[in-house]
Amino acid sequence: MIAIIDYGVGNIHSVMSALNKLNIENILTADPEIIKKADGILLPGVGAFRDAIKSLEDTGLVPLIKDCVAEGKPLLGICLGMQLLYEKSFEDGEYEGLGLLKGEVISFKSRISEDLKIPHMGWNRLNVKKDSQLFKYLGEDEFVYYVHSYYASGKSEDLLASSEYGIEVPGVVGHGNIMGMQFHPEKSSSTGLKLLKAFGEMVK
Amino acid sequence: MITKRIIPCLDVRNGQVVKGVNFEGVRDIDNPVNLAEMYNEMGADELVFYDITATNEGRELFSDIVEQVANEVFIPLTVGGGINTLQDFDRVLKAGADKVSVNSGAIKNPELIREAALKYGNQCVVLSVDIKRVNGIFKVFLNGGRKETDLEAIEWIKYGCSLGAGEVVVNSIDTDGVKGGFDLELLKAVGDVVDVPVIASGGAGKMEDFKILFEKLPKIDAGLAASIFHFGEVKIPDLKKYLKEQGIEIRI
């Protein structure tokens, strides 16, 4: 069973629908007992980094999430949920993240050509960089749906798959049982469902 | 790189998908949930739903439909029609929409764009504009093209984006339903002044119209159409294959 962390931000409707469609047991929760018992954790998120990290800290769940991860429980952060895994974000200021992955979240602005629109929004090709269990169902030509103005600048060894948008945009990152997807798998049609299915199997 | 998007538009009234020519002579086509699933299978990049029902009961029925679609179809959903307040945003987002399109509600109260963008993020707010030439000037129209406003279209779009709209849908009333191709003159004028994604709507009749759109106007991000997809005159898999063969970046 996957515990989807409920910290009051974002639209988790479609993540839950996608997991339900795949028959992956899931629950939206902020209950420490349920999270402890869960086989995996999903950290959703849309909106601004500052508000999200504050809401997450306000739940008091951060130490528990870190303990679960240290015990080896698979954790998947989606979109802003992935950015929260990093040490720091420079979105409208400078804010500390969970520090589960090494690196910082920075803006596209002034790092890509001015011809490219910000946010990076739409379907982009996903290029696999490193083998991962997450990719077991993927085929050759796979596209995923992104909406974001900031991206993670982390360690290259944690980069599992990327997309090209002026720079190499980290699409899927991972370090052991800690994983993140910058795009929205729950909005990426069959490709997204294949990724979530693989994550669901890693959790079992 | 980001692909060009192909977007079928579903006008929904009292639970049924409808499409008219030049916004008049509306007729029923199909169940919106079935149609949405079919389009997802075919490779549509996104779906737009416009609620053209007038009653509160109809609105509730519409929210149910959005919810049913969101449970089955995992691509971005944009919902518009009757969006006048932040509560309306809330209602359709809770039903499972990813983006909300505003049209007359934003003309009556432009602050709606700013407030919604602050609350839900710019990427969530889509400015949809119905435009028709009047004495050679691009004018904004209300009520599906029946009522002229004082607004000049390009200025209104610039203003809407400055308030926080994260995407613009340009509906050309002059080319809508005529199937003679997108309104390139209007779309170029819009593409030249905004730096958010622009979706072209109105006029697509054949596959080549999409090719011409994307080749001539690289700043246009997506092509939207309704009846040609609903009636199968243009099949989305064929269209996407054709565009890819023409060297246009597209998701197959």
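A Cβ is built for glycine as well, from the same backbone N, Cα and C atoms used for every other residue.
These numbers come from a predicted model, not from an experiment.
Sequence annotations record features per position, and here TrEMBL assigns active site, nucleophile to A:Cys79. If you look up TrEMBL, you'll see A:His184, A:Glu186 marked as active site. TrEMBL lists A:4-197 with the feature domain 'Glutamine amidotransferase'.
Least packed by the Cβ count within 10 Å, out of the active-site residues A:Cys79, A:Glu186, is A:Cys79. In this structure the C-alpha atoms belonging to A:His184 (active site) and A:Cys79 (active site, nucleophile) are separated by 6 Å. On a Cα basis, A:Glu186 (active site) lies 11 Å away from A:Cys79 (active site, nucleophile). The number of other CB atoms found within 10 A of the CB of A:His184 (active site), across every protein chain shown, is 24.
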